[in-house]
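The block underneath contains the structure these notes are about, expressed in structure tokens.
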Amino acid sequence: MTSAAGELGTGLTPVLGTPVELGPGDPGLPVDPQLPARAPLVGDPAERRLHRQVWADLRWAFRPPWNWLAGVVINLVLGALWLFVDPLHHGDRRAWAVIVGSYFAVWVLADVTTTNVLGADAVRVTARLRHGIPLRRILLVKNLTLLIIVGLPTLLLTGGIALVDSHHAVAVLFTGLGVLFPILTWLGIGNLVSVAMPVAALPLRQRWINRRDRWRTLRWGVALGLPYALYALVSPVSDLPRLIDDNTVLHIHAHGARAITMAVTGLAFWVLGTALGLLVARHRAVRFDDLPDEWREEPLVRTLAKIRLDLATLLRLSRDRRRASRLP
């Protein structure tokens, strides 16, 4: 369920299309000289097409330092090992696929992978914000990326179990709708926490250097432990779709109605969590206190931009001279 891999074992190696340089920033925050001053980044921070933004985030997720991927893999392994300690039991075989899918979805998503989606990618998120990309779009891109990395394999796994068990395509649909509840619920919770308390991913060495800064160390510790508390707090919510379904008139099909109720409830939690996160951002801008405050573009990028501008000016002057020479 919870692993700090996405937060502990990561270095400050951003991935974006345009290199950036970390400035001196807050003099009270020691900067490890081993941290790269300039790092290659994947994707254009000014890109506004949704599919290209998601593709850039997928490329980032599967490249070092693997902030997300490490947490996802470790949590999957821990979830599988925990089954030997506490095996799943359920009397209704028709609900077995939903139970398995929800189990692994919660193990993976109840983690800093979800509750710190902005901090895990602090450099790229900051670059996008500075290029005018709305926070709601950034959260949507992060959620879609997590859905592809975590949600899609989970839905395929549970759909396969349902198909083998029931041999009916409609069972696959109902199973997928049921598993969407924990996935969407945790994405909504993650959006709220990510905006309210973003913590940049830094290597342990940098955390050790900053250990005397009690406030930053405390925030980091809270960010790592928060998923545990949220898991205990949110667990009773898993009974909410059943309670809603038992008191509604949607009894067209017992399992179909429950699956639809679970999916709609999960979507409602996602919308609510995202809306609350955006409301927090309206009153307090997203800021990563762990990183230096001043980030400026790589000088080479500015130089190349100036060269392109100079070349365009020279070409325009050359055309004007040729036109002038043709005049009588």
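We count from 1, first residue shown onward.
Cβ coordinates are placed from backbone N, Cα and C, and glycine is handled just like the others.
Database features (TrEMBL):
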type     : residues : note
TRANSMEM : 66-84    : transmembrane segment
TRANSMEM : 96-118   : transmembrane segment
TRANSMEM : 139-164  : transmembrane segment
TRANSMEM : 170-197  : transmembrane segment
TRANSMEM : 218-237  : transmembrane segment
TRANSMEM : 257-281  : transmembrane segment
Beyond the flanks of the transmembrane segment (139-164) by 6 or more, those residues with Cβ under 8 Å of it: 50, 53-54, 57-58, 61, 68-69, 72, 96-98, 100-101, 104-105, 108-109, 113-114, 117-118, 121, 171-172, 174-176, 179-180, 183, 187, 191, 194-195, 270, 274, 277-278
Candidates 66-84, 170-197, 218-237; stretch with most C-beta pairs under 8 Å toward the transmembrane segment (96-118): 170-197
